[in-house]
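Chemist: Feature annotation from TrEMBL assigns substrate binding site to 13, 46, 66, 76, 77, 159, 192, 210, 211, 220, 221. The feature active site is assigned by TrEMBL to 75. Residues or ranges marked as active site, proton donor by TrEMBL: 75. Residues or ranges marked as active site, proton acceptor in TrEMBL: 219. What TrEMBL lists as site 'Important for dimerization' is 270.
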Ligand SMILES: N[C@H](CCC[C@H](N)C(=O)O)C(=O)O
């Protein structure tokens with residue numbers, strides 16, 4: 001089989017995109033893992049399928065797989081790359097365009113400066129939305145990891161996120177705490193784990209241990225999740241710059257009852273053909 005793909009990234013969070021508008025993704029979990037391998041394959045954080053939409057209100061749909069082959073309900077950096085890919089193909093349309101993600105519709109818009117603006121929907125704090133097995137919603141939660149009681153925030157952006165506030169982003173124990181929280185019993189489907197340092201009311205630094213991948217250079221839904229948790233704690237204004245190792249994203253959120261908007265770049269790296 002020869003499978004054409006596009007290699008893209010959103011501030012260093014990298015993706016393989018496959019055009020599945022005419023036929024379903026011809027890959028099983030093992031094949032996805034082979035393509036995602038950094039040495040034996042192409043390598044990616046996520047694989048994204050571009051699909052025709054079954055929903056009359058959505059122009060297209062997309063699917064999301066992590067490099068370990070697991071599926072996700074959302075990919076914030078990835079949807080910007082899907083939008084840029086469709087725009088390059090001349091089929092995105094002008095203004096706000098609805099795309100169907102695995103966790104429901106989002107709206108995208110290509111700006112004059114080529115960045116992509118996305119309506120990521122409303123953050124959902126109810127534990128069942130993640131899912132997060134705790135008796136009731138609260139903030140912060142305390143979970144036991146490596147014999148310690150860790151305070152976290154929890155929110156869904158269509159995929160599950162835990163958020164740990166830190167005083168020094170460079171000293172955050174991402175590699176130790178990330179996998180422990182990702183695989184904690186309270187998260188039956190795992191979760192992404194963000195580590196955030198509040199720098200001002202309009203700036204945070206963030207690192208993310210991604211479910212099914214490990215630490216990535218950026219995580220779009222992670223940036224949304226961090227702002228949602230910290231804004232609800234009263235620590236942030238409505239417009240925030242999120243500084244990740246791979247670059248910065250702009251997040252706008254007016255609080256509960258409002259959609260959360262994310263703006264950032266989408267970059268093409270190369271086109272290729274996978275043979276197996
Ligand atoms: N690892 C995530 C999916 C990708 C999220 C990230 N790459 C983004 O930009 O939102 C999960 O399993 O929920």
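Cβ atoms are placed via backbone N, Cα and C, with glycine included.
All TrEMBL annotations are machine predictions without curation.
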Chemist: Measure the Cβ-based neighbour count of residue 13 (substrate binding site), defined as the other Cβ atoms within 10 Å of its Cβ.
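Modeler: Here the count is 29.
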Chemist: Taking just the CA atoms, what is the gap between residue 75 (active site) and residue 270 (site 'Important for dimerization') in Å?
Modeler: 20
Chemist: I need the most crowded of these binding-site residues: 66, 77. Count other C-beta atoms within 10 angstroms of each C-beta and give me the top one.
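Modeler: By the 10 Å Cβ neighbour count, 77 comes out on top.
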Chemist: Max Cα distance spanning 13, 46, 66, 76, 77, 159, 192, 210, 211, 220, 221 (substrate binders), Å?
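Modeler: So the maximum pairwise Cα distance among the substrate binders is 16 Å.
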Chemist: Are there any residues in the same chain, six or more apart in sequence, whose C-beta is under 8 angstroms from the C-beta of residue 211 (substrate binding site), and if so which?
Modeler: 66, 70, 72, 159, 160, 182, 190, 191, 192
Chemist: For the recorded substrate site formed by 13, 46, 66, 76, 77, 159, 192, 210, 211, 220, 221, name the remaining residues of the chain with Cβ within 8 Å of the site's Cβ center, in chain order.
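Modeler: Leaving out the recorded residues gives 45, 64, 72, 74, 75, 78, 208, 213, 216, 219, 222.
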Chemist: How many whole Å apart are the CA atoms of residue 221 (substrate binding site) and residue 270 (site 'Important for dimerization')?
Modeler: 24
Chemist: Of 75, 219, 270, the recorded positions given in the record, which has the fewest other CB atoms within 10 A of its CB?
Modeler: 270
Chemist: Reported as an integer number of Å, what is the Cα distance between residue 13 (substrate binding site) and residue 270 (site 'Important for dimerization')?
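Modeler: So the alpha carbons of residue 13 (substrate binding site) and residue 270 (site 'Important for dimerization') sit roughly 15 Å from each other.
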